[in-house]
Amino acid sequence: MKSITVICFLALCTVAITSAYPQEPVLADEARPFANSLFDELPEETYQAAVENFRLKRATCDLLSGFGVGDSACAAHCIARGNRGGYCNSKKVCVCRN
């Protein structure tokens, strides 16, 4: 039993050391052509429309409901956005009041 534990520990150490081994640095100029995002390739008017319609997913109600603070966190989130408050609906989505 001790030998299996020692072998597993050595295997774990080997994996940790090899995954932490440094790679060759990549120059920013070489990586730039491959790192274009969709927003970089859009025309200006399409870019503005995409930015205006960009919506972040909200997990305030669903994640914090286990702690009993889902509605309070949703209301605080909505107040921070400039609304009068908010609540969690039956689908666990934060609905902000105007």
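Heads up, the Cβ atoms here are built off N, Cα and C, so glycines get one too.
According to Swiss-Prot, the protein carries these features:
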- 1-18: signal peptide (SIGNAL)
- C61-C88: disulfide bond (DISULFID)
- C74-C94: disulfide bond (DISULFID)
- C78-C96: disulfide bond (DISULFID)
(message) If I take the alpha carbons of C94 (disulfide bond) and C88 (disulfide bond), what is the distance between them in whole Å?
(response) 5
(request) Out of C74, C78, C96, point to the one nearest C61 (disulfide bond) in space (Cα versus Cα); all of them are disulfide-bonded residues in the record. (result) C74
(request) Look at each of the disulfide-bonded residues, C61, C78, C88, C94, C96, and point out the one with the fewest other Cβ atoms around it within 10 Å. (result) C96
(request) Rounded to the nearest Å, what's the C-alpha distance separating C96 (disulfide bond) and C74 (disulfide bond)? Just drop the number here, would you? (result) 8
(request) Give me the Cα-Cα distance between C74 (disulfide bond) and C88 (disulfide bond), rounded to a whole Å. (result) 7
(message) What does the structure give for the C-alpha distance between C78 (disulfide bond) and C88 (disulfide bond)? Integer Å is fine.
(response) 11
